[in-house]
Amino acid sequence: MGNTSITIEFTSKFWPYFTLIHMILTLISLLIIITIMIAILNKLSEHKTFCNNTLELGQMHQINT
């Protein structure tokens, strides 16, 4: 029975640190996911504008000829 009280003291002592570390890790992972998504969206939009520019050039070439 004496062993359980030690574990309760141990968990209650380190519980705030555990929750703090958990929150920090969660925030970091969310930030990483958000930055990756933003980078992907930027690449997609750049690709889209590039495609639009090439299409416009092709149309201009057809009009000129």
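Backbone N, Cα and C atoms are what each Cβ position is placed from, and that goes for glycine too.
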Which is it, of 6-15, 16-25, 26-35, that Swiss-Prot names as region 'Interaction with host BCAP31'? 6-15
With DSSP helix as H/G/I and strand as E/B, how many residues of the region 'Interaction with small-molecule inhibitor' (38-43) fall in helix, strand and coil? 6 helix, 0 strand, 0 coil
